[in-house]
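Taking it in order: structure first as structure tokens, then the write-up.
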Amino acid sequence: MENTQTKGGLNKSLKLIFVYTVATGSIFTFVNYWDSVFYGYCGTGTFLAFGLMTIAILPVALVYSELASLFHTSGGELIYNTVGINKHVGFLASWLIMAAWISVPPAVVMAIMTWVNKTFNLGLGTWPMVACAAVLLVLYFLMSIQNVQILVKAQAVMLFCNITVTILTGFILLFSGHWHLSNFGNIFSTTLDSVYGIPGWVIGMALLITPYFGFETVPQMVEEGDFPIKNSKKAICGSILTCGSIYVFYYFCVAGLDGLQDVYTNFAQDGFLTIATMQNQLGWTFWPIVVGLLSCLLGMGASLLGFWMSTVRMLYSMANKNFLPKVFAKVNKNQQPLLPNIFLLVLSLVFIVLQNSSDFMSAFFNLMSFGCACAYALTMISAVCIHHKYPGWKSSNAVKGGDAFRILAMLIAVAIAFFCTLGQGIDSWICFGVYLGVGVVIWLWMVCVNWKKHPVEIETPDGVKTF
């Protein structure tokens, strides 16, 4: 692929390594913030749950790799499901995946402020924290409208710091003298109830799909990629294997710590379990701050940037393909989509207020895993449909086993989505209904107004097609 730039479009300048770091930085979860949630789901067996989920998600990722090498523009789920089924399903799948993506920026800045408030004993109330989080969002927004090279390099530095401190902390905990196999106890313990005879631990494992979503950001970046499109598979699968391996190692090291259950019960049900254990059980003061700075501040910042870039590019793609008004496809002097960035900033600011004035945002956040799994399942179905509708399209990353493998990936995604539904409350479903309702309004505008004037157009291996 040539290092060129489409007039009025995105800057085609990203090396494969940076697309890989965008995906890995997006995936690599808040290991030292959400650790309390994971422990509640799967107890000391969290490391095993992550190992199983890594294996489960790989077939889905391989099918994504197959699809990514067929289409050279950003859009991912929007493109695959429009071409495979129709434009209505294409919009639905992209709206579902964005339910997860747009939850990340407000969640990250509030998590960062929570850590800062706790660590430095600032005693900030809710609204001062909201104000500080809003300032952080504006700073990330200003970063996001700069040249993409600045963005991806900044994210890569944040990711490297997070991974380094996570692995180093794992070894420190393992050889601290406070780690014993006897502390594992029942590795299938969970705070979740069994539903329909399905163990709560299994439901918890399914909910761990959230720390894996992010590999699908690669198809959002291919339009800016300066590398052979077939190499996108290395970024997709490499990001999953990198993160999955570190998850298994790190949570194995955490699971054997002395007093973990007591700290979880008394100090850390709302987050920062490992940091709280180092402080309250091991008596450490310096290293927990180092972990917080590099893992919480920089690590979560890397995730925010990854999903911010992906959401912006999905909205940009929607405009280019006539799902949204063309104004969403206009870029600034740095070849960054301007209105999608502004839209995401405003939406994130609204969500910060909502998550602190009601249960709306927290309930909405709980459905990230469900939205991801549904989008993955639809995309797997579309992969089968594309293979049959366009047998002449040959992917350089074709999966071995053909439709049997694609159907296996679909069944895995459907099973995960089903298990995720068992872990949701009524508030989550209400919030999901509200989110879908907004999508329905946009969809009605497309059907009744936009598509009558501007049909959906997508670049395919056979050229631009109308849908």
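Keep in mind that glycine also has a Cβ here, set from the backbone N, Cα and C atoms.
Note: TrEMBL annotation is automatic and uncurated.
Residues annotated as transmembrane segment in TrEMBL: 16-34 (among others).
Residues or ranges marked as transmembrane segment in TrEMBL: 46-71 (among others).
Residues or ranges marked as transmembrane segment by TrEMBL: 92-116 (among others).
Outside the transmembrane segment (122-142), and at least 6 residues removed from its termini, the chain residues within Cβ reach (under 8 Å) are 105-106, 109-110, 112-114, 116, 301, 304-305, 308, 341-342, 344-345, 348-349, 352-353, 356. Annotation source TrEMBL lists transmembrane segment at 122-142 (among others).
Feature annotation from TrEMBL assigns transmembrane segment to 154-175 (among others). Below 8 angstroms of C-beta separation, residues 17-18, 21-22, 24-25, 28, 31-32, 143, 242, 246, 249-250, 252-254, 256-257, 274, 278, 287, 290-291, 294-295, 298-299, 301-302, 305-306 of the same chain, each at least six residues beyond the ends of the transmembrane segment (154-175), sit close to that stretch.
What TrEMBL records for 195-215 (among others) is transmembrane segment. Under 8 Å from some Cβ of the transmembrane segment (195-215) lie the Cβ atoms of residues 23-29, 34, 38, 40-43, 45-46, 49-50, 52-54, 57, 61, 64, 97, 100, 188-189, 236-237, 239-240, 243-244, 247, 303, 306-307, 368-369, 372-373, 415-416, 419-420, 422-423, all in the same chain and six or more residues away from its ends.
Annotated transmembrane segment per TrEMBL: 236-257 (among others), in sequence order.
According to TrEMBL, the transmembrane segment annotation covers 286-308 (among others). For the transmembrane segment (286-308), the residues of the chain that approach it from at least six positions outside its boundaries are 22-23, 25-33, 101-102, 104-105, 108-109, 111-112, 115, 119, 140, 143-144, 151, 154-155, 157-159, 161-162, 164-166, 169, 172, 214, 217, 272, 274-275, 278-279, 344, judged by C-beta separation under 8 angstroms.
If you look up TrEMBL, you'll see 338-357 (among others) marked as transmembrane segment. Panel annotation: around the transmembrane segment (338-357), residues 102-103, 105-107, 109-110, 126-127, 129-130, 133-134, 137-138, 141, 144-145, 308, 311-313, 315-316, 319, 327-328, 330-332, 364-365 of the same chain, lying at least six beyond its termini, place a Cβ under 8 Å from a Cβ of the stretch.
Sequence annotations record features per position, and here TrEMBL assigns transmembrane segment to 363-386 (among others).
Within the chain carrying the transmembrane segment (407-426), a Cβ under 8 angstroms from the stretch's Cβ atoms is held by residues 56-57, 59-60, 62-63, 192, 195-196, 198, 202-207, 209, 363, 366-367, 369-370, 373-374, 376-377, 380-381, 383-384, 401, all 6 or more beyond its ends. Residues or ranges marked as transmembrane segment by TrEMBL: 407-426 (among others).
Taken from TrEMBL, the feature transmembrane segment covers 432-451 (among others).
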Is the count of Cβ pairs under 8 Å between the transmembrane segment (432-451) and the transmembrane segment (92-116), pairs 6 or more apart in sequence, 3 or more?
yes
Taking the transmembrane segment (16-34) as reference, the highest number of CB pairs under 8 angstroms among 46-71, 92-116, 236-257 goes to 236-257
